[in-house]
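As written in TrEMBL, here are the features:
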type: BINDING; residues: Gly88, Gln89, Thr90, Ser91, Ser92, Gly93, Lys94, Thr95; note: ATP binding site
type: COMPBIAS; residues: 414-429; note: compositional bias 'Polar residues'
type: COMPBIAS; residues: 430-444; note: compositional bias 'Basic and acidic residues'
type: DOMAIN; residues: 3-335; note: domain 'Kinesin motor'
type: REGION; residues: 414-444; note: region 'Disordered'
Amino acid sequence: MEKICVAVRVRPAVTVSEDTTVNGTYWKVEENRISLHKSNGTPISGISYAFDHVFDESCTNSRVYELLTKDLIHAAVDGFNGTVFAYGQTSSGKTFTMNGAQNDRGIIDRAVKDVFNKIHMIYDREFLIRVSYMEIYNEEINDLFAEENQKLPIHESLERSVFVAGLKEEIVSDAEQVLKLIQGGEVIRHFGETSMNARSSRSHTIFRMVIESKGKDANSSDYSSSDAIRVSVLNLVDLAGSERITKTGAGGVRLKEGNYINKSLMVLGNVINKLSDGAKQRGHIPYRDSKLTRILQPSLGGNAKTSIICTVAPEKLHVEETKGTLLFASRAKRITNCAQVNEILSDAALLKRQKLEIEELRKKLKGSRAEVLEQEILKLRNDMLKYELEREKLEMELEEERKLHKERDQCIKEQQMTTDNLNTRVNSSDGDKSSSQEQNDGKQSLEEFSGNNIVFQEDAFWNPYFQGSSQCLRWQTIQLLQGA
């Protein structure tokens, strides 16, 4: 995880005579901090911002590129996705920063040349570079390499992430070829004149480089990391500036353009706000609310290294716009991305890697064979001991169960014999009621029976054993027992 790199650049005043104070206050740059001060030099509380870099009016495009962008460009060659974009109000220096001038080349020009310079220094990989150039004008995507490609749709796939369908890509071999293509695209890009800018950008532009590379020894039998194909996407973005109609004096077509520009920048601000709130509070991120944020989605909180340069104007007329830009920058610097090298394994490379992993496993198995066998033997011994103890325990429980079962059988047998003997005597007494002697003998037998500490509960005479006896016999037996 790494945070987005954010810088602020203060452009020079439009004219030498222009007063850069704001009602007795002025902007002051100190190292990597910009703050609003009173005319006596006292800072105004609450209007001070710190960033990764703050460039004053004297800073050149070369210094901006070296400090803010160069490392990101080199990372893109190594397989990381990267995005650089300029944000700020209209006429604050965004296009100058990205495209530059004849005497001070911009970030796009320097980045393109730097990509090819770095490629030429890497001897163990082969590179393929594809470039495209698009503009978002009135929320419609136009191809700046093919004027006939208008109103292109946005799609998304697992292989390509977010992409513009139908966008022309040119395979290029050197920086000069790329810069000529960009110049051709600038010819058909939408510009317009406003009261604030004679050549105002009326659209957002995105110049994209897709950098593919593979190792030159990828066809050898030995696998290495160079066998993986790296595919990275580098976006260099020049945003149109936010506008206040009261300042630009726009009407008609310019008013419509300004409304679309402000709407897309507002969505960008909403996305930045949501992302800066943190993972737990952010909730739904409105990437789909504009074409700009949809295309830049991987660069905002996703798999990319991102740098933002926020341009501000020092004039007293623009103090509120400058505060708004600095607030946007403050929120953006809290966003974290998760950039990683984008590698794709071909079938052959994947097979080579799997063979290497199998061979390494075999070596490990051979080197640790004795230790593994010893551990297995110890485990088997422990399992056998555990089994033997369990078996002995079960045998003891079984023997105890057998003893209890035998005792129960003996008790039941004795009770059965006693009951049979009792029935015989009772039946004999019932057969000869006139013989009092036999009745007395029966009674005496019952007394003796009771004297042996065997006591019958009344419920016992209703068990199934007596189901075949007469009602009289059952009650006689109860009476005899009660008499005893």
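Just so you know, glycine gets a Cβ as well, placed from its N, Cα and C.
Here the features listed in TrEMBL are placed on the structure.
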| residue | record | Cβ contacts under 8 Å, 6 or more apart |
| --- | --- | --- |
| Gly88 | ATP binding site | Lys94, Leu239, Gly241, Ser242, Cys310, Thr311, Val312, Ala313, Thr325 |
| Gln89 | ATP binding site | Gly241, Ser242, Glu243, Thr311, Val312, Ala313, His318, Glu321, Thr322, Gly324, Thr325 |
| Ser92 | ATP binding site | Arg11, Gly241, Thr311, Val312, Ala313, His318, Glu321, Thr325 |
| Gly93 | ATP binding site | Arg9, Arg11, Ala86, Thr311, Ala313 |
| Thr95 | ATP binding site | Ala86, Ser201, Asp238 |
- Within 10 Å of each Cβ, count the other Cβ atoms and name the one among the binding-site residues Thr90, Ser91 with the highest count. Ser91
- Query: Which numbers of helix, strand and coil residues does DSSP report for the compositional bias 'Polar residues' (414-429)?
  - Reply: 16 helix, 0 strand, 0 coil
- Item | Secondary-structure category, per DSSP, in which Gly88 (ATP binding site) falls | strand
- What count of other C-beta atoms do you get within 10 angstroms of the C-beta of Lys94 (ATP binding site), across all chains shown? 25
